[in-house]
Amino acid sequence: MPTTALSDQARAKVNLTLRVVGRRVDGYHDLESVVAFADCADRLTLHPGAELSLVTSGPGAQDCGDTADNLVLKATRLLAERVPKLRSGAFVLDKHLPVAAGIGGGSADAAAALRLLARANDLAADDPRVVEAARLTGADVPVCLPSRPCVMTGVGDTLTPLPLPRLPAVMVNPRVPVATKDVFKALGLRAGQLNVGIVDVLKSKGWPAVDASVADWIVAVRRGTNDLEAPALKVEPIVGDVLRALAALPGVRMSRMSGSGATCFALFASDEDTKAGAEVLRAAHPGWWIHAGSLS
């Protein structure tokens, strides 16, 4: 078992599409979402063998809230309940991603913790006990565990891999937190109620093949939607400002909100267009969090 410090990235999750199929009788929502992961991330380090603890640092540390409630510790305790004599340790979280932002920052951190704990205890990352701990930690943690592009269905626990190419993208967050529960409340589905558009989900076409181009994928993603965009606009109207700013960029191919917001993204045909678009946004909105990179 490793005795030296272990480190891993916690990449931002982006919902390229997000359909809310309906609300189940248990109150959870069934979803269908094409998920990709960005090249921006938090970084989590584990010092194995020390007493379980978490220290946050980095530019986003002040937004993490009470350390005792952090999903890194929740995931660790859930795995410890399933793995006798689990070797944990001291975690250090270098926080860069915005919180309550629709990009699964806390979930990605928890997934990174589970991957590090698996390495520290000679477990496979897809060990059923690790996967179960991920599911119980939070709805976005299972998809963040492998952090690979996929179609996510059910309550986020059924993952079908997708051959997604590298998509040049700009991500923007206005530094305004949006609570997921408030957005789903604004959506207003009753328990057992199907959402408008269920027929579209059931009849949806397959996604591009393994050798499809970036242009083919952008066309396919553009045909989709995010059913949480409209309720998120009711909760926090600044989401509309972000979407309008992205849609106005030169060379933009499409723009959409991720998750329950407020982070939005825009896809481009080239890295050059992506970088140019980000510079335009930084000049116009110096207070926003802006990342120029890619999704894959």
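The first residue you see is number 1, and the count goes up from there.
Glycine residues also receive a Cβ, built from the backbone N, Cα and C atoms like all the rest.
Classification of Lys13 (active site) by DSSP places it within a strand. Other Cβ atoms within 10 Å of the Cβ of Lys13 (active site), summed over all protein chains shown, number 28. The active site feature in Swiss-Prot is assigned to Lys13 (among others); the stated evidence is sequence analysis.
According to its DSSP assignment, Asp140 (active site) is coil. Listed in sequence order, the residues of the same chain lying 6 or more apart from Asp140 (active site) and placing their CB within less than 8 Å of its CB are Lys13, Gly104, Ser107, Ala108, Gly156, Gly259. Per Swiss-Prot, the feature active site maps to Asp140 (among others); the stated evidence is sequence analysis.
Residue environment of Gly104 (ATP binding site) contains 30 other Cβ atoms, counted within 10 Å of its Cβ in all protein chains. Marked as ATP binding site by Swiss-Prot: Pro98, Val99, Ala100, Ala101, Gly102, Ile103, Gly104, Gly105, Gly106, Ser107, Ala108.
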Sequence-distant neighbours of Gly102 (ATP binding site) in its chain (C-beta under 8 A, six or more apart): Asn15, Val178, Thr180, Ala232, Met257, Ser258, Gly259, Ser260, Gly261, Ala262, Thr263
Other same-chain residues whose Cβ falls within 8 Å of the Cβ centroid of Pro98, Val99, Ala100, Ala101, Gly102, Ile103, Gly104, Gly105, Gly106, Ser107, Ala108, the recorded ATP site, in sequence order: Ala12, Lys13, Leu97, Gly259, Thr263
